[in-house]
């Protein structure tokens, strides 16, 4: 009879990552309800882990294809901030290694702030290279948001020390002399694009939280410049700030 306590068995199961581990057989016939519950929880955890690994590998298929076809440096690209009434559009290019294995990397919109912050630090640390480019509100007003996004993306690529052999871009085709694959919802289909989306969002969110101190009353730390009720109330009360986009409605109504 297994003399381990249920707590000891649970702790041991937390260290096991393989269903063929011999220890599982030693506790399989333990009739204690707590042990059987712990085994079921372990099996569910491993099933979720396997599902996450398969999803990760599926999101790495574009990078693997281009590596296998002679490309060395593949840059995933994404942007954050095309829709807000205030603040910049931020773009990012990320080049990853083939051994990159942060399974949690996915579309930044599906992650909590805590998850994004942790992944941001890991991506910046583990990526071959990360490049960020920004266009502020005056440039957006001058060029239009789509052109300003393309411009920032191209600058992000040109700032890379390693010239990419191929680009994987989320939705926005670029006028640049590098072969590229454009994916709709690319941050859900490519690990490199997802990594770029996380870095771009964390970078922009940090900027907007700083702007919240400079321009209080609009809720920038919470709404990141999007047109929430609090933001619109701030515009009504105080007018537009220098970081508001004059070409985005309803901002022109609140220009002094």
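Keep in mind that glycine also has a Cβ here, set from the backbone N, Cα and C atoms.
Keep in mind that what you see is a predicted model, and the values were worked out from it rather than measured.
What Swiss-Prot lists as domain 'RNase H type-2' is 72-256, and the listing cites sequence analysis.
Residues annotated as divalent metal cation binding site in Swiss-Prot: 78, 79, 170. Here the Cβ of residue 170 (divalent metal cation binding site) has 25 other Cβ atoms within 10 Å, regardless of which shown protein chain they belong to.
Here the binding-site residues are 78, 79; the one with the fewest Cβ atoms within 10 Å of its Cβ is 79.
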